[in-house]
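Listed in TrEMBL:
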type	residues	note
DOMAIN	A:19-207	domain 'ABC transmembrane type-1'
TRANSMEM	A:20-43	transmembrane segment
TRANSMEM	A:64-83	transmembrane segment
TRANSMEM	A:89-111	transmembrane segment
TRANSMEM	A:153-169	transmembrane segment
TRANSMEM	A:189-209	transmembrane segment
Amino acid sequence: MTWYLGDLIPYMPLLLQGLWISIYISVLSFVFGSVLGLFAYLAKASRWRVLRGISGAYIEVVRNVPLLVVLYLIYFGLTQFGVNLDPLWSTLIALTINNGAYVAEILRAGFEAVPKGLREAAHALGMNSAQTFRYAILVPGIRNVFPAMTNQFILLFLFSSVASVIALPELTNQLLRVNSETLRTFEVFTVGALLYYVVSSVLAIGSRLGEKRLFRW
Amino acid sequence: MITVKDLHKSYGKLEVLKGISCEIDASQVVCVIGPSGSGKSTFLRCLNLLESITSGTVVINGHDLGDRKLNTSAVRQDVGMVFQQFNLFPHMKVLENIMIAPVKVAKKPKAVTREKALELLDKVGLASKADVYPSALSGGQQQRVAIARALAMDPTVMLFDEPTSALDPETVGDVLQVMKRLAEEGMTMVVVSHEMGFAREVADRVIFMDGGVIVEDGNPAEIFDNPKEARTQAFLSRVS
Ligand SMILES: Nc1ncnc2c1ncn2[C@@H]1O[C@H](COP(=O)(O)OP(=O)(O)O)[C@@H](O)[C@H]1O
Ligand SMILES: [Mg+2]
């Protein structure tokens, strides 16, 4: 068999639809995961040992268990307890849990890297804790986490392909389907790789441009 | 203006200040010198509550820092501080750096604050730099902005912790010049610095600290030309 893309043309709408679902689940779980990550970070930085412990354990577990296994646990495992989540929700939950742990670490690293002197200068000017955070820490912290956060989003987008194994019709799942219908395996996955690549690179470039525009200092 | 009695400060088991007492009058300029690690920064930072006081009393401009009901923010608004590393807010332009505390902390109207900030910038010789970010300035310029930022709160006392130690030699002079002018205007100043020239010319008093205590306290000529204590003599011979 030679290289031939013609067979794929009728399936392009399907693939783009799959791509759309991939983007959609990535955005949602990035948003949910960032909120979760923010709380996990705050818990880990808090004064209460119990909160620190819970948050630390969560981060450790996520970083040491494959995402795919977490997804199986949620989608197949929970049915044993009568919890039947559909593929979409299972994926969103698994990706959110996964992303939250990494976001917590990104926030910790980024905010710890804000020079201590800024906090002191703010205090010395009479700012209370909230004002100090708002005026002295927040923006430098956001700048510190920005590149890692956009990078994390790209990783999440690529990882979202695991959802194909539980038949969520995102891009990889659609690739498998088109492959079985056309048997143009090499072409199908090349096109798929290209779609992932294009979206990721556009995001990466956008991130760098955004960084330049947002942080002119 | 500042009364310190038997001030002790410990970090856990490490006692850093071992009973500091001194009296600083309004409009006095006091230079604090001493070897690294002798507790100079800690002493200064106790004066605006950046460090908690372990024991002893400190009264600044009527605020008793040991008072449980003390309004920390009010004390800090009264006591300006300039750091070795400038610590300007990097994401704010020079003018915003100067205006942020008067507007957000002292709740002064923006227009008035702006006028005042521009005047202060002019005073430190940086009128043309209102609209740039700190990263575009030299160290000496950043430090002068930091001085203007502290002055914008109308403090009654200014603390300087080695304000010129992180600067390129060629920018030190401008900063010292600004500080000298401030002293001439009658600001009460406590300056940790090893700029002996500045201390001689501007200071009313020099305090020599070593090992968490004040070893010698006198006018600059006494301390520099006629130190009584062996430790002061040894230190001065090392730095000059
Ligand atoms: N936050 C801190 N925790 C523990 N030790 C500290 C802390 N800050 C300062 N020290 C110690 O206190 C001593 C005095 O420090 P410092 O006041 O900075 O001295 P100086 O400014 O005269 O060089 C040093 O031994 C230093 O290691
Ligand atoms: Mg020091």
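Cβ from N, Cα, C; glycine included.
Just so you know, TrEMBL annotations never went through curation; they're auto-generated.
Among the stretches A:20-43, A:89-111, A:189-209, the one making the largest number of Cβ pairs under 8 Å with the transmembrane segment (A:153-169) is A:20-43. Looking at A:64-83, A:89-111, A:189-209, the range that has the most CB pairs within less than 8 A of the transmembrane segment (A:20-43) turns out to be A:89-111.
If one looks beyond the transmembrane segment (A:89-111) by at least 6 residues along the same chain, the residues whose Cβ comes under 8 Å of a Cβ in the stretch are 25-26, 28-30, 32-38, 40-41, 44-45, 55, 58-59, 61-63, 67, 70-71, 74-75, 137, 141-142, 144-145, 148-149, 152, 155-156, 159-160, 162-163, 166, 168, 170.
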